[in-house]
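Visitor: Below, the features straight out of Swiss-Prot:
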DOMAIN    2-184  domain 'tr-type G'
BINDING   Asp14, His15, Gly16, Lys17, Ser18, Thr19, Asn131, Lys132, Ile133, Asp134  GTP binding site
Amino acid sequence: MKNIRNFSIIAHIDHGKSTIADCFIQFCGGLSDREMSSQVLDSMDIEKERGITIKSQSVTLDYHAKNGETYQLNFIDTPGHVDFSYEVSRSLSACEGALLIVDASQGVEAQTVANCYTALEQGLQVVSVLNKIDLPAADPERVMDEIEDVIGVEAHDVVHASAKLGIGIEDILEQIVERIPTPKGNINAPIKALIIDSWFDSYLGVVSLIRMIDGEIKIKTKIKIFSNGGEYIVDEVGIFTPKRKRIDSLKAGEVGFLIANIKNIDGAPVGDTITSAENPASESLEGFRPVQPCVFAGIFPISGKDYEKFRDALAKLRLNDAALQYEPENSDVLGFGFRIGFLGLLHMEIVQERLEREYDLDLIITAPTVIYEILDTKGIIHRVDSLSKMPTNQSISKFREPIITAKILVISKYVGAVMNLCIEKRGIQKNIIYMSRQVSLIYELPLNEVVLDFFDRLKSVSRGFASMDYHFERYQESDLICLDVMINQEPVDALALIMHRDDSVRKGNELVEKMKELIPRQMFDVTIQACIGSKIISRSNVKALRKNVTAKCYGGDVSRKKKLLDKQNKGKKRMRSVGRVDIPKEVFLAILHIN
């Protein structure tokens, strides 16, 4: 065990984490030059295209160090985005050390800080690396100061590297061997292993990536999952090199995979503990919690014929994504679809993109909402994620909304613009810390103001120089209302929104004007109204198309023309009472872009 090193990589999106991982694999001979491709560990197409890591991955490499010994390096590649922070915390708890990679030109970003603090809280040894030192814009001195100021980690022994050119890779590996401690654990104690990640394989069932804490798991060992009590017999254990390689057993301190004929992903939840069914450990590992979605949206197929295909596609995605939760939903306007819960906005985009790309579906997505707490007049608290589940306005006593604490890192030049954005989104400033070049802003913000367009606006007001990390703080009472949209006196359930009363008139007017532009003209007048309960706060009309019925009347008595116009008006009135307005897809997309 003294020659095992377990470590994770902490880095912001696009700071070169997956490229450094590729260099490690090449340097240690995990794959031949012919088998190498860029971003080896990012298995999904969408991961490679967006340049992000979504699922945790692991590789076991043998490194021949300068001191003549051979070390087993177990390296766990983790996601870098705030939506996947639970996966990051579980991956970190499986390690004794972490590699902090910072782009030498961009400097420290908020997500890196959050993950680094998680690592330090868990007692991990942090090894700092400055990547991309070959870039003309690289400023190693400034970034080293930032690492010390913002994160509080010693930066005098930072390794300078360029993964693209292969500079400094051996120095990083030597630092890992020297500075990261050996794993603790007892091979003779009852089995205890942490599930770092699980995914579904259509031939093997659920494959779990595990870190052995105590004991030894062999083929035919009978194991038990702590949280749900499920018992299984192990069919196969092994390691990734990064190819799947079978071995005889996994011992305390090692990281590898386990296959035990588990049929669905809920059978092996991320962060759970595995023990022996015959001789179980007395208690589970700390920190396990079921994954809770915090953003909800309705997704509907454009063609009703695609509903079955959509349902099957969701079931397949769910096999690999335990955080994805869904239930059927029916909308008068959009037909049958599903209400889906996501970890955050990036997670929502990725799920939508995978459904459209991998399963060839055309989908409409409604405005995302969060979970509200509603206290009714009888004192009962309802947790509501959809307007269709709302109690009536008369029975609502109090509205509570989720509040988050956001940490925003921005260069000093754009502080004013970012503060104005936070104020516009009903943010309350809690702290502001000036550092050498960056400023750290701590704000409390309502989550429903963040889910629509906050990230896009933050990037645009800061010219891309701001980054943000957030965590849930509490529920807080707020003056929220339900804004309904009616077309020809018919409420359109899919367009209803929950918002703060102060914003309702402005947003109602914007919504109605936008819809007036987008709804095509009909043979009758179309009335668009925004209302709160029975109070109309905004109204507009889409004028009817009309045929010139008097064109064939030349001269003669005016009563003939009046008779024809009256007949036309009666026809329009009858048409309006029976006619339906088809709302184009663009209207729903426009709602998402209303500020």
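Every residue, even glycine, has its Cβ placed from backbone N, Cα and C.
In the displayed structure, how are the listed features positioned relative to their neighbours?
Guide: Classification of Gly16 (GTP binding site) by DSSP places it in coil, neither helical nor stranded.
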Visitor: So, in DSSP terms, is Asn131 (GTP binding site) helix, strand, or coil?
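Guide: The residue in question, Asn131 (GTP binding site), is strand (DSSP, three-state).
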Visitor: Looking at the binding-site residues Ser18, Asn131, which one has the fewest other Cβ atoms within 10 Å of its own Cβ?
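Guide: Taking Ser18, Asn131 as the binding-site residues, the minimal 10 Å Cβ count falls on Ser18.
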